[in-house]
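Q: One structure coming up, written as structure tokens, with questions to follow.
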Amino acid sequence: MEKQLPKVQELFAEAFIELQKDIGEESARAFQSVATAEDPLAILLGSTAPSYDAKISRPLQKSYRGSYNNQIPQKRKAANYDLEGGFIRETVLQDRLRKLQNPPKYEGFASTNSNIASTAAYNKKRSASKVDATATQQKPSNPYQRKPPINIWSQIVDSKNVGIHRKEQTKMKWEDIEKEMTRDITSGNNASSKRCTCGSTEVEISGNVTSKNNDMTKVTTHAFLLYCSSVLVLPILSVFQERKIWKSNLLPSISLFGLLKVFLFNLLWMALTLVGGLALLPKFILGKFLGFNCQYEAHVVERLTAKICCLCFICPKVEIKGEKNLPPDDGSSPAPVYVANHASQIDLAVVYFLGRRFKWISKQSVRYLPGVGLIMTLGQHVFIQRTGKNKKSVSNLYEKSTIAIQSGLPMFFFPQGTRRMAVRLPFKDGAYRVALENQSQLIPISINIPLTCWNSMYPLCLLWGGSVNNVVLTVHEPIQAKVGMDKEELKQKTYDAIFSVLPLIGEEITELKKTK
């Protein structure tokens, strides 16, 4: 049976198509043979009799004047009346559909032969009956009528223009609508009444001002508070990084007091730079439109912050040797390029004691540190991406460094690229490429950090007159970079100069044990 089913379906489909063709042909022949007939049903049935009279078959649109007899003029039957309508004509309609077919306004109208007096009496009686019917019961609404959408705006406009003819209504302004909403919401005393008439809980009232819970002002405020509060958390990451640097068999491990000093050092650094950066932020934004910047002011904030942090937690004094080798800070072009060894976070603070203005080369992640990233952005320091696809970042490094040097602003490089206390890493090419391209002077600087800087009781030891080992900066003679010089030769010269005054880690540990 299942195998024969497709064939049966195919036969039925062919029969249906043939039936459609036959009906179409019969219809065409009927229209051609009966050209004068007005009734389409009569055409299909092949009858030539005319339909209803056109004048009588139209629906009544005027009231008939004459005597009152509660009857509607009857339509004349056509000759082919019995052939029209079929079973539909004999169907008994429901009451509600019969009322729609024969509207009440046509019921009870007088005939055309009645006089005017009878018509006036009828109209008077009919109006009185309408009033009684309206008073007793309300007219049922049409279920097929499309209802307009209900929203808060239509409610306000309708309530505002009650009793005014629709043609005379004027559109309300948005200010009037907002005032109306505010008045409606604030009219109640309890919390549930302070809600929008549309039922939304996203609209609140505070006095006479409306605002959304998730508006931009609150989002900005929360983001700002989160940014500022991160100053208390992110220094913990700096503690782990510094502890990792000093975690070596050749170095003394940092004590708990030393870890606390590292935390407070970074906390104070971020807090001071955050305050200074926020103070300079209006000038920075204004300078975008008026064509000035706040690089010098940002450098002043950095220098003061570094000196305060160093004097509070590292040592009371930073010794500078070979200060005569420092080039003058007169903004001459091309500006020099400073290179130094990188061993700890302390390097970033003590180099500001040189009293020279410069720009840093820093990794991109530093930009997002609270305070530090803000002040470095305001100072327009150079950020690079150290990992991944960083070709664009490296080219940006050389481009911005060249612009700074040609404008008389020195660049400061840590050619080792990262911090190492117990290992002397080789130098990278960035600083030397910039110096050769601009034919600048290379200024080697040695930073000698004592091994007891974190574990010492400074600044508490000052209360009983304890001794403290100071950080020592040694400025070596400048090396002029010229076109055609070997880059590797420059790297070796600066490398030898920087580490020539730094003792080996093993020798430092031996001297430390002797002092103990």
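All positions are counted from 1 along the displayed chain.
Any Cβ shown, glycine's included, is placed from N, Cα and C.
Below, the features straight out of TrEMBL:
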- 134-144: compositional bias 'Polar residues' (COMPBIAS)
- 336-450: domain 'Phospholipid/glycerol acyltransferase' (DOMAIN)
- 123-148: region 'Disordered' (REGION)
- 222-240: transmembrane segment (TRANSMEM)
- 260-281: transmembrane segment (TRANSMEM)
Q: Averaged over the whole of the domain 'Phospholipid/glycerol acyltransferase' (336-450), what is the pLDDT?
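A: PLDDT averaged over the stretch: 90.
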Q: Below 8 angstroms Cβ to Cβ, which residues of this chain, lying six or more residues outside the transmembrane segment (260-281), approach it?
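A: 228, 231-232, 234-236, 238-239, 242-243, 254, 294, 297-298, 301-302, 304-306, 308-309, 312-314, 345, 349, 369-372, 374-375, 378, 454.
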Q: What does the DSSP secondary structure composition of the domain 'Phospholipid/glycerol acyltransferase' (336-450) look like, as residue counts for helix, strand and coil?
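A: For the domain 'Phospholipid/glycerol acyltransferase' (336-450), the helix, strand and coil counts are 46 helix, 23 strand, 46 coil.
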